[in-house]
Structures are given as C-alpha cells and as structure tokens.
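What TrEMBL annotates here:
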DOMAIN    B:9-142  domain 'DUF1468'
TRANSMEM  B:6-28  transmembrane segment
TRANSMEM  B:40-60  transmembrane segment
TRANSMEM  B:80-106  transmembrane segment
TRANSMEM  B:118-137  transmembrane segment
Amino acid sequence: MELLSNLALGFSVALTVKNVLYCFIGTLIGTLVGVLPGLGPVATIALLLPLTYSLEPTTALIMLAGIYYGAQYGGSTTAILVNLPGETSSVVTAIDGYQMARRGRAGTALLTAALGSFFAGTVGTLLIAAFAPPLATLALTFGPAEYFALMVVGLIAAVVMARGSIVKAIAMVILGLLLGLVGTDVQSGTERFTLNIPELMDGIDFVVVAMGLFGIAEIINNLETREEEREVFTEGKQKLKLWHFTREDFRRAWPATLRGTALGSVLGILPGGGAVLGSFASYMLEKKISPDPSRFGNGAIEGVAGPESANNAGAQTSFIPMLTLGLPANAIMAIMVGALTIHNIQPGPQIMSANPALFWGLIASMWVGNLLLVILNLPLIGLWVKLLSVKYRLLYPAILAICAIGVYSVSNSAFLVLMMAIFGVLGYAFSKLGCEPAPLLLGFVLGPMMEEYLRRALTLSRGDPTVFVTRPLSAALLAVAVLMLAAMMAPMWARRREEAFQED
Amino acid sequence: MKTDRVNLISGAMFATFGVLALLLSADLPAGSAARMGPGYFPRVLGFLLIAFGLLVAFAARRSEGGEELRIAWRPLASLTLAIVLFSVLLPRAGLLLTLLAMCAVSRAARPEYSWRETLVLSAAVTVLCAAVFHYGLGVQMPMWPVSGQE
C-alpha cells in the first residue's frame with residue numbers, strides 16, 4: 001500500500017538519531033515556552049528560526065513543528081495547574097481542568113490531557129498521510145486564478161478567526177499585503193517602498209516582523225500588568241496523584257476524546273482553523289450532549305479530554321493546507337512557510353514529489369514528537385510547575401536579549417534590530433487599538449505571491465477580471481470566502497438592526 | 001453619543017498608512033490590468049486601506065463608549081530604548097558591553113528596581129547569551145569593543 005510505504009519512508013527519516021534529537025529539543029523548548037507565561041509559540045518559533053538556518057531543512061522543520069505542538073502541550077499544563085492558559089487553545093481546558101485540580105485531581109486531569117493529546121496526535125498524523133496526496137494532486141490542476149482565489153479564502157479565514165472587529169482585521173490584512181510588497185518587484189526590477197534604504201531592497205525580513213509584532217509587543221504587554229500571586233498546585237501544597245484514574249473517569253473521557261479528535265481534525269484542515277477553533281467547538285459539544293451539563297465548569301473530565309484532543313488533532317491537521325497548497329492557515333503556519341522559503345523550498349503541491357523525504361519525514365516526526373511529549377512530560381510535571389515560580393521581571397531581559405541576538409543573526413545586521421524595535425512599538429499600538437497582528441502576518445507572507453498570481457491570471461485573461469468567477473473552481477473558492485464573511489457579519493447586522501429599532 | 005476613541009484612532013491609523021502607500025507608489029508605473037506595472041497592486045491596496053480605515057472610523061461614531069486607552073509608557077520606552085541601544089552599540093562596543101547596557105536599561109521597565117538585582121541579572125544574561133550564541137551556536141558577532149575603525 002502506498003500509504004504504508006510513504007509512512008515507512010517518513011519514519012526512516014524521522015527516526016535517525018539527529019532528527020529524533022532535534023525533535024526532542026523542539027518539543028522540550030515548546031513545552032518550556034508553553035509553561036512559561038509571556039512568550040507565545042509564534043514569537044518563539046520566530047525567535048528560533050534563525051538558529052535553524054544551519055540545519056538541514058528537514059531537521060529544521062521537525063524542530064520547529066516540535067515547538068508548535070510542544071507549546072500546545074505545555075499550555076494545557078499551566079491551564080490545569082494555575083488556571084493560566086499558556087496560549088489560546090488551552091483557554092477552555094482551564095475551565096474544568098483547574099476545577100479538577102482544586103478538587104485534588106490535578107494528576108488525573110494532566111493524565112487525561114496527555115493521553116487524549118497523544119491519541120489525537122496519532123489520528124492527526126494518519127489523516128495527513130492519507131489526505132495530503134489527493135489534495136496535492138487536486139492542487140496541481142490549479143491555475144493562477146484558482147491560486148489567487150485560494151489565497152483570498154485563506155486571508156478571509158484569518159479575518160473571520162480574528163477576535164474583535166472584522167473590518168479592522170481586513171484592514172490589518174491589507175496592511176500586511178502592503179508590507180509584503182516592500183523591496184524589489186520581481187517582474188520589473190523596480191524598487192518599491194524602500195525609501196532608498198539598501199537593507200530594504202530584498203524586502204522586510206519575515207523574522208523581524210514576527211518578532212516585533214509578537215515577541216516585543218508581548219513583552220511590553222506583559223510588563224504592563226503587575227505580577228500577581230497565583231494559587232499554584234505544586235507538590236508542596238498537594239501531592240500530584242498522577243495515576244489516579246478510575247473506571248468512571250475512563251468511561252467519561254474515552255468517548256469525549258474520540259469526538260474531540262474528530263472535530264479537531266476537521267476544523268484543523270479548514271483554512272483559518274488550527275488548534276483554537278477545535279478546542280472551543282469540542283467544549284461546547286461535550287456540554288451540549290452531556291446528560292448533566294451542570295457538571296461543566298465544576299471539574300468535568302470530558303471538558304478536559306474533548307478540547308485537549310481537539311486542539312492537538314487540529315494542530316496536526318492544520319499542516320495539511322500549508323504543506324499541500326502552500327496556504328498557511330494561521331500565524332504559526334505562516335512562519336513555517338517562511339522557514340521553508342528560507343531553505344529554498346517552495347511549499348505547495350510540488351513539495352511531495354520534489355521532496356518526499358522532507359514531507360513524509362516531517363509527518364512521521366509529529367507522531368514521534370507526540371510520543372516524546374508523553375514520555376517526557378508525565379514524570380517532569382513537577383519540574384514544569386516549579387518553572388512557573390520564576391518571576392517575570394527576572395525573565396524578560398533574557399527574552400529581550402535573545403530576540404535581539406536572533407534578529408541580528410539573520411543577516412548580521414544591526415539595522416534589522418532597529419526595525420524590530422519599530423515593529424515592536426507598532427505591535428504594542430496594535431494591541432492597544434484592538435487590532436490583531438495575526439491577519440497582518442498572513443497578509444505579509446501571502447502578499448508577494450498574491451500579486452504574482454493576480455498578475456498572471458489577469459495577463460492570461462487579457463485584463464478581464466471575470467476570470468475569477470467564470471472558472472468553476474475559482475468561483476467556488478471565492479463563494480466560500482464570501483459565505484464565511486457573511487456568516488460572520490450576520491449577527492453584527494442583526495445587532496445593528498436591534499440597536500436601530502431600540503433607538504426608534 | 002460618545003465617540004469610541006480607540007476605533008477612531010485605529011481608523012485614522014489605517015487611513016494614514018493607505019495615504020502613505022499611495023504617496024510612496026505615486027512614481028511607480030501602474031500599467032493596465034492585463035499588463036500590471038509595479039504600481040498597480042500597491043495602489044489598489046492603498047485605496048482599499050483608506051476605505052477600510054474610514055469604515056473603522058465611521059463605525060466608531062456609531063458605537064458608544066469604548067475602552068479607555070491607557071498606554072504603559074514606562075515599559076514601552078525602556079524596552080524600545082534597550083533594543084535601539086543594542087543595534088547602535090553592538091557593531092561598536094561588542095556583545096558583552098552591549099548586553100550589559102541592554103539589560104540595565106530594560107530593567108527600568110519595572111518599578112521594583114534594585115541595583116544589585118539588575119547587576120547580577122545583567123551579568124547572568126550576558127554570560128549565558130555569549131556562551132550559547134557565540135560559543136555554542138557560532139553566531140558571528142563582535143565580542144569586545146571594536147577599535148581602530150571609523
């Protein structure tokens with residue numbers, strides 16, 4: 001069977017000593033970052049990107065992917081133990097997980113999260129292996145019009161997923177597209193928006209934007225709020241009973257894990273999805289079908305098992321659109337695209353035939369990484385909890401220094417560091433103004449590609465813009481984008497109408 | 001009806017960026033849709049950004065109240081200064097001095113400032129970063145003050 005031979009190739013790549021080692025390092029750093037509040041996975045991956053330049057592309061990607069799902073994992077640990085979601089996808093885990101911890105069942109909650117995640121990760125890996133090839137085959141039939149439409153879908157999805165105002169999110173996408181155009185125009189060789197600064201001729205470096213908007217701005221935001229005392233369930237106060245898992249727990253958690261995995265996998269594939277959507281949807285589903293919904297919010301084990309499985313499955317399957325279509329579904333996948341391009345690999349349908357070892361190796365490594373996480377974390381939970389007591393004021397100067405050195409090392413240029421400062425200030429302004437940076441980052445990554453496909457499509461149609469709606473696949477994709485947007489706007493209009501009626 | 005300041009400022013910001021894009025791409029040939037010049041796409045985006053900026057600002061007139069805009073000047077200033085310092089100092093003063101200065105300045109972001117803690121912390125960060133990045137990962141950076149140049 002082809003699937004098996006592909007997976008065999010993948011495991012032969014993923015199980016080399018070097019790749020297992022970097023996978024381990026990646027998951028370890030990821031967990032660390034997930035546990036430590038104040039540095040999200042996006043910033044971390046951006047931060048460590050320059051350090052992977054010297055690695056082989058496969059190894060570099062394996063490590064970066066490890067950071068991604070490792071951070072998901074670490075995020076749930078803190079969500080359960082301190083009611084502090086390390087990142088957005090563990091927000092719902094905190095609801096019931098923390099309540100379980102308060103009732104002395106922290107160990108059970110952590111174990112549920114770990115095993116649920118591992119199961120979901122396994123399923124997610126198999127799904128990528130099964131669905132990526134047919135999707136890539138389909139994508140190979142795409143012309144420029146379809147690609148352009150596809151990118152529109154991706155960007156709209158990012159807009160829909162953003163918190164807050166849709167109009168602002170669209171404006172952020174456009175701003176990102178514009179920033180992506182800085183540099184030399186590929187077709188005419190003309191310099192655009194470079195202000196005659198030689199460093200800008202090749203465009204703004206991706207790492208600078210990501211690090212400034214996500215890293216520096218995040219540090220400033222964190223420093224704004226005072227450090228609070230939190231109720232931490234460490235071993236001192238309360239012994240973690242890790243293997244305390246009753247038959248009743250199992251009976252409740254198992255079906256929730258299955259449902260969460262299914263839901264997360266599907267939502268992860270959708271552009272704009274990723275891990276966040278799945279965990280929220282799974283929590284709502286569990287609560288809805290539960291015979292006793294009042295248990296939720298008071299330590300229901302299903303409320304941990306479902307969302308945790310869903311977010312891990314989603315984290316895994318969100319690689320599908322990135323790898324097969326070259327379309328990043330979220331900010332982290334945008335960084336992955338950046339990482340691939342730095343290694344001169346064009347993400348997209350060709351990647352599977354041009355680079356089978358990289359493609360299948362990465363997928364196999366995800367399963368290896370998930371296994372490593374379970375082995376690594378269960379015994380080390382006590383250590384991770386201790387890390388939480390590190391004061392942020394002792395931590396941030398080091399994070400800042402690493403950011404600066406990381407950006408400097410991209411091309412040994414102090415100018416880039418200066419630009420990071422500018423994007424840091426900009427990022428802080430965005431957060432104050434309620435504008436989310438993730439859509440901007442996606443726009444920034446897709447900008448040059450989008451212009452390229454728009455140009456090609458319109459050249460082929462001799463300037464006729466109807467080409468986007470007369471080709472069936474392109475029209476269907478654009479229809480999806482419009483539907484997504486309409487679905488999002490509908491409640492807003494309804495509210496407006498209500499407001500209007502009230503004023504009458 | 002109160003005007004939502006946050007949205008008003010956001011809208012103005014987007015519109016300003018849009019105008020900036022139009023001004024900076026004014027010299028670029030636009031070409032036609034069939035044969036797009038380097039100025040075509042930037043101009044389209046510039047107009048779109050202005051439109052959406054105005055939309056955000058306009059929506060602000062309709063919404064009530066809005067959050068208060070509070071800016072944490074202290075961390076903002078000290079972190080920005082620390083990064084700028086890094087970019088200016090590194091090529092001249094070398095990594096060790098630069099990191100010491102950077103840590104000392106960035107520490108000013110927190111009100112609970114103590115000289116002893118800052119000194120120890122700066123030294124620790126400096127040694128750690130030098131060890132990991134210079135010796136461990138081989139990142140090319142001047143370690144000591146660069147003399148005899150300029």
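Here the Cβ of each residue, glycine as well, is placed from N, Cα and C on the backbone.
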Long-range neighbours of the transmembrane segment (B:80-106), counting only residues six or more past its ends (CB under 8 A): 118, 121-123, 125-126, 129-130, 134, 141-146
Contacting positions for the transmembrane segment (B:40-60) when only residues 6+ beyond its ends and CB under 8 Å are counted: 3-8, 10-19, 21-22, 24-25, 28, 30-31, 33, 66
Counts by DSSP class (helix H/G/I, strand E/B, coil) across the domain 'DUF1468' (B:9-142): 97 helix, 2 strand, 35 coil
Confidence summary for the domain 'DUF1468' (B:9-142), mean pLDDT rounded: 87
